[in-house]
Amino acid sequence: MTQIKIFDTTLRDGEQSPGVNLNQLEKLEIAKQLERLGVDVMEAGFPASSQGDFDAVQKIAQTITKSTVAALARANKNDIDRAWEAIKDAKKPRIHVFIATSPIHMQDKLKKSPEEVVLIAEEMVRYAKEKCTDVEFSAEDASRSELPFLAEIIEKVIAQGATVVNLPDTVGYTTPKEYGEMFKYMKEHVPNINKVDLSTHCHDDLGMALANSIAGVQNGATQVEGTINGIGERAGNVALEELAVTFEIRKDFYSFTTNFILNEIKRTSDIISKLTGMVVPGNKAIVGRNAFAHESGIHQDGVLKNAQTYEIITPALVGVTSNSLVLGKHSGRHAFKDKIVQLGFELSEDKVTEAFQNFKLLTDRKKEVTDDDLFVILMDIQTDVQTRSQYQLEAFQVHYHSTDVPTAHVTLTTPKGDTVSKQDVGNGSVEALYNTIEHLIEEKIELTDFTLSSIGKGKDALAEVHVNMNVNNQAVSGRATAQDVLEAAANAFINAINRAFVTMKK
Ligand SMILES: CC(=O)SCCNC(=O)CCNC(=O)[C@H](O)C(C)(C)COP(=O)(O)OP(=O)(O)OC[C@H]1O[C@@H](n2cnc3c(N)ncnc32)[C@H](O)[C@@H]1OP(=O)(O)O
Ligand SMILES: CC(C)C(=O)C(=O)O
């Protein structure tokens, strides 16, 4: 078996998904879970892109001990300085320098000749290497680059000390055969290629990211880059859980393995879906809600007789457990703390107290409190602290009648501690609520996306709302969970506003 290194870029390329906007605590929470999952490398962000991303990468670098922490940089000194500044405290830091090598990118985007690009790449890899021993070089748009030119630039960056060379299919254009052949070509034409790890980085524009990544490793790549749930720029990146489980389930066919702790996959997927607001489609391989559901009679009959008739992956392999009824109205703090540990959280005593109070409130309103419900309560406690001293929803009332104009009345506490109330109308209940809150807050707000989903099943399932909006022209997201849809909607809106003010204050 050949061990393939997994480079997770959920926190960088994944965060480039439209509408995804993670704050520092959320990025840190995801980073900790990625480490539990066993990723070899995590790309924590692009520090030169904003102060917020710099701070998040720095915090991750100071926290993570087992995985290598990488930071992305364009091939210029400022980006490399920012990347190094952010990750220099990491146990295992890596600077990831990239520059495009395809004719169209060099000519029309960078406006540089191929010779200039080679010189920049060499100089910047050398510059990064002076700071950090582990330097990855990516030839952006490699799959549309000319192979002899690609071979030349790769040999030259290896001479400057690159430790990893990544050949991305940046626009998801390539086919498995072509992508595999590119790796084979480099193996045959770059004299020092065996000094580095060769890496794949595939996008899913034509739905071939997984097939292309596998073709890469079959032709000499020893690192695969991708994201959990396949999130990322445009159609996303290869879904790493699909790659790791494919190697496990088809080990009779492929001779590759990864360090993934497979039964951490579902938890990782859930955390990322919840914090990014990118809902996992029900039919998504490995982690979709229906991935292990059998609907039709013939299938159910087969599964009852022998699960393997229709089930190639056991749910437990990837950490899918039955959603058991766990704690109830009469449960005490000890059992609650025990459950926190079982669900994989580490909370301070203060946070346990807060979570316990929220749990008790929920047991008054909901008959069955499931693991999914608790997971949401705990994740909210773990990631929401930054916004607590901002706007708070005190009370609201919505009047809806099929023949009347929906009207909302909202009372908020402002960051200064004042209590303010207003009433307004809208075309629907949510719009009436949002118009009212907007008037109370007196900021320029434009809602760009609204997603409502349910946590668990049944009439008393919790409602989860995720919103994307512009607050004073700043893109921001917000989320909230409540038993009532309107309460979740109002709180998600306020959460986004609070997050906008936290960023503005910086
Ligand atoms: C394939 C990928 O996924 S690459 C990663 C993409 N991720 C991001 O872009 C993260 C978010 N980006 C940002 O915050 C901003 O784009 C920043 C801060 C990085 C740069 O912002 P700005 O300085 O305003 O530049 P802008 O984004 O408009 O243009 C990019 C510039 O970088 C240059 N550039 C692009 N890639 C590279 C590179 N790898 N090395 C050097 N220069 C590069 C472009 O040619 C352009 O230069 P120009 O201004 O001389 O024309
Ligand atoms: C920066 C590189 C690795 C990238 O994200 C791409 O080419 O898609």
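All residue numbers here begin at 1 and follow the chain in the order shown.
Quick reminder: no glycine exception, Cβ is built from N, Cα and C everywhere.
Here TrEMBL flags 4-266 as domain 'Pyruvate carboxyltransferase'. What TrEMBL records for Asp13, His201, His203, Asn237 is Mn(2+) binding site. Residues or ranges marked as region 'Regulatory domain' in TrEMBL: 392-506.
Checking the binding-site residues Asp13, His201, Asn237 against ligand 2, the ones with a C-beta less than 6 Å from an atom of that molecule are Asp13, His201. Highlighted in sequence order, Thr9, Pro168, Thr170, Cys202, Ala209, Glu225, Gly226, Thr227, Gly232, Glu233, Gly236, Val238 have their Cβ within 8 Å of the centre of the Cβ atoms of Asp13, His201, His203, Asn237, the residues recorded for Mn(2+), and are not part of that set. Once Cβ contacts within 10 Å are tallied over all protein chains shown, the binding-site residues His201, His203 are led by His201. Just so you know, the Cβ of Asn237 (Mn(2+) binding site) picks up 31 other Cβ atoms within 10 Å once every protein chain is counted. Per DSSP, the secondary structure of the region 'Regulatory domain' (392-506) breaks down as 34 helix, 52 strand, 29 coil. When averaged over the domain 'Pyruvate carboxyltransferase' (4-266), pLDDT in the model lands at 97. Same-chain residues at least 6 positions away in sequence with a Cβ under 8 Å from that of Asp13 (Mn(2+) binding site) are, in sequence order, Glu43, Glu225, Thr227, Gly232, Glu233, Asn237.
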